[in-house]
Amino acid sequence: MSDNLVLPTYDDVASASERIKKFANKTPVLTSSTVNKEFVAEVFFKCENFQKMGAFKFRGALNALSQLNEAQRKAGVLTFSSGNHAQAIALSAKILGIPAKIIMPLDAPEAKVAATKGYGGQVIMYDRYKDDREKMAKEISEREGLTIIPPYDHPHVLAGQGTAAKELFEEVGPLDALFVCLGGGGLLSGSALAARHFAPNCEVYGVEPEAGNDGQQSFRKGSIVHIDTPKTIADGAQTQHLGNYTFSIIKEKVDDILTVSDEELIDCLKFYAARMKIVVEPTGCLSFAAARAMKEKLKNKRIGIIISGGNVDIERYAHFLSQ
């Protein structure tokens, strides 16, 4: 199937940047002297936890919805998401005046469900361990004439996600390595398009939770591997497989897929809070955790870390901080 896909290019990322700039935040790039000393390197953190609705997903959602025709806008959109894409679609739809229905798992963080509803999205719940959300979405969209905007496997979505890395490179210049959180691959594939444009020799790494290493398996096998829903605190990376669009780009433009443990994620979450004074959700800690694990190989290099988001329940966050 992937052989017939027309894959996005960097030009699509650049176009997305123009399309979303009126509404999307140009998020800050932070540095930490503590991290630079620990790594003996220059490390730059692109903080998408400061994006509208708290995560990079706003970029892709807004880019995709902005390109719908009038009939599609009037009928409305449908998506399925564990949280951040749900909020992103709900907020983007609200901004553009488009009705939105969102299929969310019963165990999605309450903060993400509440925010999605708060932005005006109509939430439909499902059991992620029993139900097939993509099948549900197909049935509802066909019945109601809605346009499905999937969380990651969509050319306009992944092009939008790539705008975060584009901004990072434009602000700090060439990098030797870029670490990107990996769930379904929208952020990683979009970031890889940007990295190859700005710094062709930059090593691009995707990072998954150990329990959900479908991307790593796929990368090594050369074809998409499906797994059961992984049990991990990185709720934004509980995807069961990469997408056709995302994997097609990842296998060509990414250097490797790494994994980290939940314990490493908690260590990074606590570091972000204590030393950098920022709230980062567990999934957003994937990139830094992997860079820390291989810091010996990164000495005297310029490193980019994309923090994917900061949407975490306060009670859950407090629990992680106390561990």
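From the backbone N, Cα and C atoms, a Cβ is placed for every residue, glycine too.
Residues or ranges marked as active site, proton acceptor in Swiss-Prot: K57, S82. Per Swiss-Prot, the feature ATP binding site maps to S32, S33, K52, Q87, Y119, K277, N311; the stated evidence is similarity to another entry. The Ca(2+) 1 binding site feature in Swiss-Prot is assigned to T79. Among the features that Swiss-Prot reports, pyridoxal 5'-phosphate binding site is placed at N84, G183, G184, G185, G186, L187, S308, with the record citing experimental evidence. Here Swiss-Prot flags D176 as Mg(2+) 1 binding site, drawing on similarity to another entry. Marked as Mg(2+) 2 binding site by Swiss-Prot: E208, G212, D214. Per Swiss-Prot, the feature Ca(2+) 2 binding site maps to E208, G212, D214. Summarising the annotation, Swiss-Prot assigns Mn(2+) binding site to E208, G212, D214 and lists similarity to another entry as the type of evidence. Taken from Swiss-Prot, the feature N6-(pyridoxal phosphate)lysine applies to K57, supported by experimental evidence. Sequence annotations record features per position, and here Swiss-Prot assigns lysino-D-alanine (Lys) to K57.
Apart from E208, G212, D214, the residues listed for Mn(2+), the same chain places the Cβ atoms of L182, G183, P209, A211, N213, G215, Q216, Q217, I227, P230, A237, T239, T259 within 8 Å of the centroid of those Cβ atoms. Taking CA atoms as the reference points, K57 (active site, proton acceptor) and Q87 (ATP binding site) are 8 Å apart. Neighbouring residues of the recorded pyridoxal 5'-phosphate site, listed in sequence order and excluding N84, G183, G184, G185, G186, L187, S308, comprise F56, K57, H85, P151, Y152, Q161, C181, L182, L188, G236, A237, T239 (Cβ within 8 Å of the Cβ centroid).
Counted over every protein chain shown, other Cβ atoms within 10 Å are most numerous around K57 among the recorded positions K52, K57, K277. Here G186 (pyridoxal 5'-phosphate binding site) is positioned 30 angstrom away from S33 (ATP binding site), judged by their C-alpha atoms.
Cα spacing between G186 (pyridoxal 5'-phosphate binding site) and K277 (ATP binding site): 27 Å, rounded to the nearest whole number. In the three-state DSSP assignment, the secondary structure recorded for Y119 (ATP binding site) is coil. Note: the CA-CA distance between N311 (ATP binding site) and the residue listed as 'Mg(2+) 1 binding site' rounds to 29 Å. Spacing of D176 (Mg(2+) 1 binding site) relative to S32 (ATP binding site) is 18 Å (Cα to Cα, whole number).
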